[in-house]
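Lifted from TrEMBL, the feature list:
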type: TRANSMEM; residues: A:20-41; note: transmembrane segment
type: TRANSMEM; residues: A:47-65; note: transmembrane segment
type: TRANSMEM; residues: A:72-91; note: transmembrane segment
type: TRANSMEM; residues: A:97-116; note: transmembrane segment
type: TRANSMEM; residues: A:123-141; note: transmembrane segment
type: TRANSMEM; residues: A:161-182; note: transmembrane segment
type: TRANSMEM; residues: A:213-236; note: transmembrane segment
type: TRANSMEM; residues: A:242-261; note: transmembrane segment
type: TRANSMEM; residues: A:268-286; note: transmembrane segment
type: TRANSMEM; residues: A:292-310; note: transmembrane segment
Amino acid sequence: MTALALDRRRAARWLQEYGVYVAVAALLLFNVAFTANFLSVGNFRTQLVQAAPVCIVALGMALVIGTEGVDLSVGAVMALSAALVPLYLGYGPLPAVAIALAAGLLAGAFNGVLVAHLGIQPIVATLALLVGGRGLALVIADGQLVQVHDPTFLWLGTGDVLGVPVSVLAAGVFAAVVALLVSRTTFGRQVVAIGGNRAASTLAGLPVKRTLVGVYAICAVLAAVAGVLSTARLSASDPADVGLLMELSAITAVVVGGTPLTGGRVRVLGTVTGALLMQLVAATLIKHDLPYSSAQMAQAAIIVGAVYVARERSSR
Amino acid sequence: MVLEVVDVTKEFTGVRALDRVSFELEPGEVHALVGENGAGKSTLIKVLTGVHRPTSGTVLHRGEAVEFARPADAQRAGISTIYQEVNLVPLMSVADNLFLGREPRRRGLVDRKRAHADAAELLAGYGIRADVRRPLGTLGVGAQQMVALARAVAADAHVVIMDEPTSSLEPREVETLFSVVERLHERGIAIVYVSHRLDELYRICDRVTVLRDGRRVHTGPLADLSRLELVSMMLGRSVGDLREHGATAFGEDHQAGREPVLEARGLSSGQRLRDVSLSIRPGEVVGLAGLLGSGRSETARAIVGALPLDSGTVLVGGVEVGSGVPGAMRAGVTMLAEDRKAEGIIPNLSVRENIVLAALPRLSRFGVVSRARQDRIVNTFIERLRIKVSGPEQKVAELSGGNQQKVLLARWLCTRPKVLLLDEPTRGIDVGAKAEVQALVDELAREGLAVLLISSELEELLDGADRLLVLKDGAVVDELAGDRLTRDDVLAAIAADES
């Protein structure tokens, strides 16, 4: 009985650790066998390009969740950065992107100050910006979808570097940077320590508040990047629609990737794979002529599974 | 007997919290329950209130054996508990809180008018005047506690257990509480009163039960017992816990420096700390003695910047330290916290990461941590403190208590502190590890570290410290050194009646 329980616990632990990789591998194999034209460069390209924004946002979300927090405002921040781009594109693509990212930084700092300095619960603090951010974006854009024509800017959405789409490359670079940040920098280690035991971190003299503000700022800047890339890909700024429900997709990718919601751990590769998994699930079902609604239900099942596995582990 | 516990033993995975303890509560008496940390008070209370079930032994309620499976069962039997933190609903009105779950009704609906009238009458009966319509949370802590008390008694309780009810009260509120206790007493309600404040115990309690190390050491009328006798019963320890090599050898061989490295002046924080001043010289171990809640931990927390102060300054080497924990750490002051689990280890990180946590900035260049430097320092400390691990990458949660404590000591030592504050450094660790930690403290002091030692074990303090400050109710009441560094002097200082 106890041996069985131990085995189950070990299985659950293994699943949380590696389940997401196994799931992606299994889905790939399934598609290779049963999906027509799956093994084509064009298809892989499409899948990666579609997964890239979620992946970039999820990286920031993983950091926030690592501190035992959550950021619900990422979708709204995407809308905000998307709304700002066409306003400043007249000064050239670089200033426009810089201003969009600066807006993200500001939004993130706002969230961070609410959480770290005013002690508001993350879910409530970021809820304010979830509601207000998109509203502000719509005001900025006057509620309109604005076409974007600047060719240099559009390159961000359609261009390649050595055959790799810019957005995919960006996701890869950010993933590498965040991975290094978590594993090799004082900041990253402090993030994990604060999530693991905040009282102990405070007594150890860690800059808890500064670190928390930093984490929310990074998360929002990454969301702003995703907003810029989405705008470039659409060749239109659509603040009413861009990044809608992104917070849920990002949280899903993080959780499915094995980062516990209780904080104290950040899994970067798992998060990236989690984003890919959700994209693959949707693509697989659609390619087999199942409606998008069924993809949503499959995703829901995966989330429940991931949370269940995590629960098994924490009730140790 | 209204409530009786016979030969109750309670074990938690290998640890015996209560060892064949008996306890008798007579109708209408105010019975003090005292004991230091780990004496078994909370466990006994939890057995009485149905939170814990005894491993063996029986609980008798009005002469009949009972088994409370849940706190609700005990409450139904008329045993109510008032905890340190008021557990009512702060956003609901006073009246709603008083009648929560048994609201007066009229035609199936709550009769507010009657509830308000009844509540006002009930509170007035205890000399409390408050608008019963106001949310409970807007009242002071004392008034809230009074409401909790009124609620307990209104629910037809004939036994009320009060767990340190005065710990967060203002002096004026304490007086009100006492008058309420007096009225309960007159109505024949039996009270179990847990407190560390001797003045209070002698004022309102009839009898006392002293627990120590999970055993009952005494029960009897409080008036027959001098303060000194009471304190020595609470603090006395078995000889087996003593360190073998006797007193530490400071003084002759290792002269402490002349100038104090740490000076704390006039630390005050509400009722918890009242004008505490102390200084420690390099190579000196200063002990803080006193009963639980006397302000020992608060003093350490104040020095390290983890307790907000109303007034007071901390100087290291004559220079005032910066604000907060980072400020204190920059000045070279670190604290080993009392609660290892809650404030010490970061369970999901490795031994290595737990050790280097506080020293990370020093071990990195441009924010990038150097693994090589970490490994060097971690290996040094694992070896020096003889931390038993399978390797530096082992999760710290998997270690024994003693080894976790050593990991935390290593964390502070690798910040190269000048002053080390140790709050109960040997609590909850096995005898072997205890001796090792004590020896280490000795060694560190000999190397010139200034140490503040807090311990509930009198022998550990007498043996380890060169000088002792005795704290009581948040203030320093005596300083003992040299010939006066004896058990009797400490007990006398704690028991002294200054009022």
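Residue numbering: from 1, along the chain as shown.
Backbone N, Cα and C atoms are what each Cβ position is placed from, and that goes for glycine too.
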Given the transmembrane segment (A:292-310), its same-chain partners at Cβ distance under 8 Å and 6+ residues beyond its ends are 12, 15-16, 19-20, 23, 252, 255-256, 258, 260-261, 277-278, 281-282, 285-286
Residues of the same chain, at least six outside the transmembrane segment (A:268-286), with any C-beta under 8 angstroms of its C-beta? 20-21, 23-24, 27-28, 30-31, 35, 47, 50-51, 54-55, 58-59, 61-62, 171, 175, 178-179, 182, 249, 252-259, 292, 294-295, 298-299, 302
Thinking of Cβ pairs under 8 Å, which stretch from A:20-41, A:47-65, A:72-91, A:97-116, A:161-182 has the most of them with the transmembrane segment (A:123-141)? A:72-91
Is it the case that the transmembrane segment (A:161-182) and the transmembrane segment (A:242-261) touch, counting contact as three or more CB pairs under 8 Å in which the residues of each pair are 6 or more positions apart? no
Below 8 Å between Cβ atoms, which of the listed ranges A:20-41, A:47-65, A:72-91, A:242-261 makes the most pairs with the transmembrane segment (A:213-236)? A:72-91
Who are the long-range neighbours of the transmembrane segment (A:20-41) in its own chain, taking Cβ under 8 Å and residues 6 or more past its ends? 256-258, 270, 273-274, 276-277, 280-281, 284, 287-288, 302, 306
With Cβ-Cβ distances below 8 Å as the criterion, list the same-chain residues six or more beyond the ends of the transmembrane segment (A:242-261) that contact it, or say none. 16-17, 19-20, 53-55, 57-58, 60-62, 65-66, 68, 70-79, 82, 130, 223, 226-227, 230-231, 234, 267, 269-275, 277-278, 299, 302-303, 306-307, 310, 313-314
